[in-house]
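Annotated features in TrEMBL:
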- 2-112: domain 'Plastocyanin-like' (DOMAIN)
- 126-274: domain 'Plastocyanin-like' (DOMAIN)
- 376-508: domain 'Plastocyanin-like' (DOMAIN)
Amino acid sequence: MKNITRLCSSKPTVTVNGRYPGPTIYAREDDTLLIKVVNHVKYNVSIHWHGVRQVRTGWADGPAYITQCPIQPGQVYTYNYTLTGQRGTLWWHAHILWLRATVYGAIVILPKRGVPYPFPKPDHEKVIVLGEWWKSDTENVINEALKSGLAPNVSDAHMINGRPGLAKNCPSDQGYKLSVKNGKTYLLRIVNAALNEELFFKVSGHLFTVVEVDAVYVKPFKIDTIVIAPGQTTNVLLTASKSTGKYLVTASPFMDSPIAVDNVTATATVHYSGTLSSSPTILTLPPPQNATSVATNFTNSLRSLNSKKYPALVPTTIDHHLFFTVGLGLNPCPTCKAGNGSRVVASINNVTFVMPKIALLPAHYFNISGVFTPDFPKNPPHVFNYSGGSVTNMATETGTRLYKLPYNATVQLVLQDTGVIAPENHPIHLHGYNFFEVGRGLGNFNPKKDPNNFNLVDPVERNTIGVPSGGWVVIRFRADNPGVWFMHCHLEVHTTWGLKMAFLVENGKGPNQSILPPPKDFPKC
């Protein structure tokens, strides 16, 4: 715990090595990492290495009660995994309670020595991690919400590298300063580590060239504003094309449905060398909070590089066709006074996931019965006008249910937002895999017409995908990594409410197609 002051108010904060944001991990493609985590706080802790494939090493993936029991106070666990065939920007964060509000940092995976980037080599690289800050203890924020049955309080500020920038009523808060030199090019490795908010990111007077998302190269394109959901990463080239000056950087929320967000814009500056600090900053306006077109413009521009060296291996024949609705619901809660005897919940295919007391991966590996059932529904239990959302019964079922996949099976998964309570953009993250986004649209997915427009040539490949508000997205992947793999909404409030499930991928028959045995220091529940 460390006392950290932001917005002119201090609080004891859970940090890694006393740093907020936490340290950046630098490695190269195919390196093996050994990361010793010592728990000195009163909370149970676990760390997830977001976007790392963890081929056969689910024990190191990190989500508490899914792949491991948490590291208890005073205990130690060494995460041991290899960055097999991955290069780019990923990130790490706590994966228990709401601790990831402050326990997070970037992972920079450089290409193998001598392997160039598939774009012009930048002169410098900078890590930019976006986040959210609450003046109060985030554990209290979510606990109060769970007691009331209502949504938690929104954050007090957004952060750029741990700083809010120009904060009202708090002149002592300085913004992050990105120092640049005229004519130089900078690779910005941008991570959205916010708990609950998608963010727009822009720099006044400058264009970005987008070259990578979620540690996968994309066909480069120029744009002035990127949109980035919690869990996602985006690498952009920024050329310092002006002679001098200070230029405003903004990180502001994107929300295109009637849901409360923290509407405070975080600011930073791009500061050209030779510019006086007293000179005025050249301003820019962030996009309107509901600027769907700005977000769509960015999302629709993403295409896999699909070169000889970096091909897009999209599955073309499908073994498992899955259709999952994602959205909110309302269950009875007699003690929830503020919620009039109801509590807001979230679900996939109307199943609100219940976290087990014993972690799922060891339960599967050691055949411990009674922890989960492998009967997660492949289709919604009731067919209705999903995106329209007017249903009389908003109750969900509860259970710890997994969907079983044979090794190497190909999967097509339709993720359909529902309008129950409110339609909303859900950034869905799948652990242990990347996947291809082959199609997206608004309204209800039409299985007869919509597949005609799928992109099976160069669809973007990622680990976290935004299901559009009142719409659908279709992803494809090959289940070639045995283990138990969590899939959940990366809006922390929705994960807490139950918008989560897991895939159980069975071992294959070949020599390298089975889960490796657990490490000796694997935490006990």
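Glycine is treated like the rest: Cβ placed from N, Cα and C.
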Across the domain 'Plastocyanin-like' (376-508), DSSP yields 10 helix, 56 strand, 67 coil
Using DSSP, what is the helix/strand/coil residue split across the domain 'Plastocyanin-like' (2-112)?
6 helix, 52 strand, 53 coil
Using DSSP three-state counts, the residues of the domain 'Plastocyanin-like' (126-274) come to 11 helix, 75 strand, 63 coil
Taking every residue in the domain 'Plastocyanin-like' (376-508), the average pLDDT works out to 96
